[in-house]
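Novice: Sharing a structure here in structure tokens format.
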Amino acid sequence: MSSSSSHHPEFASCTANDDEHHLDEFELELVVQDVQRQQNNGSANTDQHERENLLLLDDSSKSGALKRRLFFDNLLKNVQDDHIRFLHRQKERIDRVDVKLPAIEVRYNNLSVEAECRTANGDHLPSLWNSTKGAFSGLVKLLGLETERAKINVLEDVSGIIKPCRLTLLLGPPGCGKSTLLRALSGKLDKSLKVTGDISYNGYQLDEFVPEKTAAYISQYDLHIPEMTVRETLDFSSRCQGVGRRPKILKEVSARESAAGIIPDADIDIYMKAISVEASKRSLQTDYILKIMGLEICADTMVGDAMIRGLSGGQKKRLTTAEMIVGPARAYFMDEISNGLDSSTTFQIISCFQQLTNISEYTMVISLLQPTPEVFDLFDDLILMAEGKIIYHGPRNEALNFFEECGFICPERKEVADFLQEILSCKDQQQYWSGPNESYRYISPHELSSMFKENHRGRKLEEPIVSPKSELGKEALAFNKYSLQKLEMFKACGAREALLMKRSMFVYVFKTGQLAIIALVTMSVFLRTRMTTDFTHATYYMGALFFSILMIMLNGTPEISMQIRRLPSFYKQKSYYFYSSWAYAIPASVLKVPVSILDSLVWICITYYGIGYTASVSRFFCQFLMLCFVHQSVTSLYRFIASYFQTPTASFFYLFLALTFFLMFGGFTLPKPSMPGWLNWGFWISPMTYAEIGTVINEFQAPRWQKETIQNITIGNRILINHGLYYSWHFYWISIGALFGSIILFYIAFGLALDYITSIEEYHGSRPIKRLCQEQEKDSNIRKESDGHSNISRAKMTIPVMELPITFHNLNYYIDTPPEMLKQGYPTKRLQLLNNITGALRPGVLSALMGVSGAGKTTLLDVLAGRKTGGYIEGDIRIGGYPKVQETFVRILGYCEQADIHSPQLTVEESVTYSAWLRLPSHVDKKTRSEFVAEVLETVELDQIKDVLVGTPQKNGLSMEQRKRLTIAVELVSNPSVILMDEPTTGLDTRSAAIVIRAVKNICKTGRTVVCTIHQPSTKIFEAFDELILMKNGGKIIYNGPIGERSSKVIEYFEKISGVLKVKSNCNPAAWMMDVTSTSMEVQHNMDFAILYDESSQHRDIVELVEKLSIPIPNSEILSFSHRFPRNGWIQLKACLWKQNLTYWRSPEYNLRRIMLTVISALVYGVLFWKRAKILNDEQDLFNVFGAMYLGSTTIGSYNHQSIIPFSTTERIVMYREKFAGMYSSWSYSFAQAAIEIPYVFIQVVLYTLIIYPSIGYYWTTHKFIWFFYTTFCSSLSYIYVGLLLVSLTPNVQVATILASFFNTMQTLFSGFILPAPQIPKWWVWLYYLTPTSWTLDALLTSQYGNIEKEVRAFGETKSVSIFLNDYFGFHKDKLSLVAAVLIAFPFVLIILFSFSIEKFNFQKR
């Protein structure tokens, strides 16, 4: 993004063919060939300075990165001042040779956007019942409960022009349609929305070119790959977005300069050449964007997420913007890009955008929530929106005149942006009315919009809309979807995939290490010294081969969660045409081939000779090859499933359907001869079939199995015949071919899924008909203003509060220096984030914590709150004069985190009620608590949406600003003595921010200690605070003291410093303060504000205050409570169970799917094993029934514990927050989590038993039926509690999934199904007894057949069934009572371990 990326209409208009819009590769080479030749060959004719500059082009070395950084450090020493000179130097070079830059003019005429939303009678929230109704829509209609759909106008007949060279501000309250307008103008609207009206770029309709490549929409949501650094993210974006027509501009400029004998500016020439090189791995443009966005300090820091330490919220927001502006687009539509940024950083960034717009002729529309006056004045034009209508669109400096004509006047010292948004509110509008109060009536947005259209400004705006098309032509527009050639796209995506695999090395190493451990265990179980070549041991060899295939198949399951994790970023980049789906899919698949080879090699190297397979090198490699193809086949299938279904719950559901199918028709659990003939097709389409055929004929057709005979048939052939796997050797290669075909098929399916399956659409929620009618009548029935803040003040006064000051002295905080920084030459192994912080927070004094993004504000709050889980803390923190005791401090603390973490399946009111229930003292009765909750909801203006589901960020439920207010409400309702708020107004518009701060101010007056980090406060909000702590980069304080009336104390302090500019009249003092204390000002004036503060009287006053407050008040006692938690254990359990019940009831995706899997599995098993329970002639018949029992117990159990992993992980982050707040003990939470599973598991088991029991034909006696139900129920509970335990023991879903597959394989190995208990080596038999499945199969088989005395033929001998069970399996009916006790003991032991793990382990890195 620079002026050199612009295009030239004059020489573009000279071409008649569209082909000439693309730069010929030969012509490009003429421009940069001297640079690249000298870069590669080191020409002797180039001086040293020039050769160093040539390294800037595409040098990925450490020295190259340093040179690129130094290039801009010298060029842009002070970004705010030097950037405009830099752009002017580029502009002067282009203008000097009369190359005019094209521009984009965007017109929209009578644009309307309509969405459909569901309405429903009664409960409108997603639930098991509502989802079931939806699944049976025909029945629902008969019952008169059909779902209705209502049409919502998101945008309503809006028109206007976005002109180049003019920076446009988009203002309006949340929900007014700003994002929809920006998406519409950039061509990014969802296809499900109904759009009418016209949008054109330079006169061309959106369907005549590629708007996604011509313009860039920058979302308010930050979607990035957590494992990549900032620089890597931008380099990849720059590489994929390409260089546009920068080379063409450079070619024309260079040609004209050469003809005129002009020597170009050396720095500008190097810059323009460097950013014109196609497909550059390391771009100088990245360093430019890092510089102007203030991200160079964290350039080599990983982005991170909720579980990985990374960027701050403000840094991540800037990265979202930087990711798009690093490209060559000429029009930008930016949605709330300043959320989480301080006013100084916002001013610097918007200043750069203003300069780019005005000098380099860009087209920009920027939506902001809380622009300061200084930022507001940077804009040329203004669009004001409300309720989907445009209230004003025109020059910024004429907006006040228009509203004066409408009867509204902006008061003195009132910020214009605040005024413009508040006059749209029915609560705030009257205070700005210029006429007599009695003549005032509320003027709705609809009326204001009509008044604007009738005004001369509105009429003037509409006139050119219907004028002829622009003559600027096509030069500024993009007509190709992709910037890179196919090969370059594959290279870019391949390089990134390799990087991400390297960053995920822990997962791969952990997975392979686990495989090696299982291989060693398997080898020792089937040890060659215990295996001989008789028929019985041939069965064991068959089991070992089956287990090897199963293990290799399960080894790839983490691929699902890893793929799902990257899908949001993929869909974002795909929508911007960074790359094609195939460019992503092929590297993501092909680069995993070495993983398949390594895992298969590890397995076979340990097991082949250890187990005692045929000692032949060729057969060794044949088995190895087969396992490689199996691994690739199933992992390709897993990737396809993840890309198609996109959510963990849905993906694991279909994964287990697939695995169930493979196991059923694989030829081992039920041999082919025992299958119903009409189901043989299933045998031939299962990849496991071909894996079985290939491995068993490779082993059992070896010469050693052809010597001894049974009934004139060799042992090898007999075992193959019994399992229906007797095929000639060439079937090995047929199996290889079939598996290879499945790999190609799944590769293609993966690519097609990514290409054609759209990202999961936002869930807009259903709306009750009653509420919809109320909204439609809003214009005629306006709610009267309520004095919510006074209510909350009175309510809080009824609950006693302890007034406690906080002091902190010489507070330091260090973390281990990230490896990326060490590689870049950072000198020390510890990185200091807080540097000798000293201060005091007092009751009744509202303190603001401010500073540039990354200065350490959140870090300071985390240290004070005790939230840090890593790093090194030094210094003294005292509460009420006594050293802080964390266990008691959390009882009086309310901490509003920057990340809004809530349970997605609760409503707004339920979330607040839950917090009040567990955090208010026990003496507060239920009625008072309910009233208190209602008043808090009204205070933060959530009462109107109290029944709305919280939902998942960026997908459904509450908007960003509503989530922020919910975070505040959840903490305020706890009635804390100390409140720490991390950016409580981020994401709120000015009016909502004022409401929140007003409420906080009133709360503070009741004797609470309150501190808020805050960005971009308006003058009114800033002066609502009493004291200020101002920080700079490096975690240092540069001011700590009172703000003063009209900010007099702060202004007085900084104006005394030599070189600091005086504050202007009507200037926002907070913005002025941030501006004059910026790093660039320190460099310009050669000063350090932290040192100046340390030497000031202000600092000495604070030290004295800290010393005074660090001494306990006489006769006071250290803060303590008789109990650790506000509520007793029973109330905790009851509240947690209440919440879990709502969460589970409203999670139909999770619960309905597992019920569906149970029913489907039972039906399929019932058909496959139809009436086989009483067919008992030989050992194979018993093995068939045993296989049915094994499949039934393991399939449903394994799905339960795999599917609960992602489901439980979502709630785990919430649990960390609630547990830190002291809401409940680990035991209460874990017992509630375990208890809520019981009714759902009970339903599963009931359905399974009622279907499978009669289908297979088990014995119909009450005793046997109860035993079957009881065993299946205990087994299912054990499986699901194992899943919960794995979540509590692991840092993320991927590792938990790997351990789950480890558990599954060990369960199978020691269940008695693969190898019966008497044959398990004595050194491993203890694992048999620790395996729940072994007891399950013992109970199932013994309860059915333990008293059956019918004789059967078993391995050439005649025995009764009961004796065979005892001899072969080690099962005896006399042990059933012990088995029953062990079965019920397993769930209880697992619950206790789950509780203990939650108590001891915290994987959240802070």
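Cβ coordinates are placed from backbone N, Cα and C, and glycine is handled just like the others.
Found this in Swiss-Prot, in case it helps:
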| type | residues | note |
| --- | --- | --- |
| DOMAIN | 140-412 | domain 'ABC transporter 1' |
| BINDING | GLY172, PRO173, PRO174, GLY175, CYS176, GLY177, LYS178, SER179 | ATP 1 binding site |
| DOMAIN | 488-700 | domain 'ABC transmembrane type-2 1' |
| TRANSMEM | 506-526 | transmembrane segment |
| TRANSMEM | 535-555 | transmembrane segment |
| TRANSMEM | 624-644 | transmembrane segment |
| TRANSMEM | 650-670 | transmembrane segment |
| TRANSMEM | 734-754 | transmembrane segment |
| DOMAIN | 806-1058 | domain 'ABC transporter 2' |
| BINDING | GLY851, VAL852, SER853, GLY854, ALA855, GLY856, LYS857, THR858 | ATP 2 binding site |
| DOMAIN | 1131-1345 | domain 'ABC transmembrane type-2 2' |
| TRANSMEM | 1155-1175 | transmembrane segment |
| TRANSMEM | 1185-1207 | transmembrane segment |
| TRANSMEM | 1238-1258 | transmembrane segment |
| TRANSMEM | 1265-1285 | transmembrane segment |
| TRANSMEM | 1295-1315 | transmembrane segment |
| TRANSMEM | 1323-1343 | transmembrane segment |
| TRANSMEM | 1378-1398 | transmembrane segment |
Novice: Look over the recorded stretches 650-670, 1155-1175, 1265-1285, 1323-1343 and say which has the most C-beta pairs under 8 A to the transmembrane segment (1295-1315).
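Specialist: The stretch with the most contacts is 1323-1343.
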Novice: What's the CA-CA gap between GLY854 (ATP 2 binding site) and GLY172 (ATP 1 binding site) in angstrom, rounded?
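Specialist: With distance taken Cα to Cα, GLY172 (ATP 1 binding site) is 28 Å from GLY854 (ATP 2 binding site).
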Novice: Consider the binding-site residues GLY851, SER853, ALA855, LYS857, THR858 and say which one has the Cα lying nearest the Cα of CYS176 (ATP 1 binding site).
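Specialist: The smallest Cα gap between CYS176 (ATP 1 binding site) and any of the binding-site residues is with SER853.
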Novice: Which stretch from 488-700, 806-1058, 1131-1345 shares the most C-beta pairs under 8 Å with the domain 'ABC transporter 1' (140-412)?
Specialist: 806-1058
Novice: Okay, the transmembrane segment (650-670) and the transmembrane segment (1238-1258): do they have at least three CB pairs under 8 Å, pairs separated by 6 or more?
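Specialist: The answer is no, given that the two segments have fewer than 3 Cβ pairs within the 8 Å cut-off.
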Novice: Along the domain 'ABC transporter 2' (806-1058), what average pLDDT does this model show?
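Specialist: The predicted confidence over the domain 'ABC transporter 2' (806-1058), as a mean pLDDT, is 87.
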Novice: Restricting to the chain of LYS178 (ATP 1 binding site) and a gap of 6 or more, list residues whose Cβ falls under 8 Å of its Cβ, or answer none.
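Specialist: Within the chain, LYS178 (ATP 1 binding site) has Cβ neighbours under 8 Å at LEU170, GLY172, ASP335, GLU336, SER367, MET385.
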Novice: According to DSSP, does THR858 (ATP 2 binding site) fall in a helix, a strand, or coil?
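Specialist: The three-state answer is helix.
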Novice: Name them in sequence order: residues not among GLY172, PRO173, PRO174, GLY175, CYS176, GLY177, LYS178, SER179 whose Cβ is within 8 Å of the mean position of the Cβ atoms defining the ATP 1 site.
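Specialist: Checked against the 8 Å cutoff, the neighbours are MET385, ALA386.
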Novice: In whole Å, note down how far the CA of PRO174 (ATP 1 binding site) lies from the CA of VAL852 (ATP 2 binding site).
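Specialist: Rounded to a whole number, the Cα-Cα distance is 25 Å.
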Novice: Calculate the distance in Å between the alpha carbons (Cα) of LYS857 (ATP 2 binding site) and GLY175 (ATP 1 binding site), and round it to a whole number.
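Specialist: Spelling it out, the Cα of LYS857 (ATP 2 binding site) and the Cα of GLY175 (ATP 1 binding site) are 30 Å apart.
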Novice: Just to confirm: which same-chain residues, 6+ apart in sequence, have a Cβ under 8 Å from the Cβ of SER853 (ATP 2 binding site)?
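Specialist: SER853 (ATP 2 binding site) has long-range Cβ partners GLY294, SER312, GLY313, GLY314, GLN315, ARG318, GLY340, LEU341, ASP342, THR345, HIS1015.
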Novice: Helix, strand or coil by DSSP: which one applies to GLY851 (ATP 2 binding site)?
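Specialist: DSSP call for GLY851 (ATP 2 binding site): strand.
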Novice: Among all the protein chains here, how many other CB atoms are within 10 A of the CB of VAL852 (ATP 2 binding site)?
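Specialist: I count 25 other Cβ atoms within 10 Å of it.
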Novice: Six or more residues out from either end of the transmembrane segment (734-754), which same-chain residues have a Cβ under 8 Å from its Cβ atoms?
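Specialist: Those are 570, 574, 581-582, 584-586, 588-589, 625-626, 629-630, 632-633, 636-637, 639-640, 643-644, 687, 690-691, 693-694, in sequence order.
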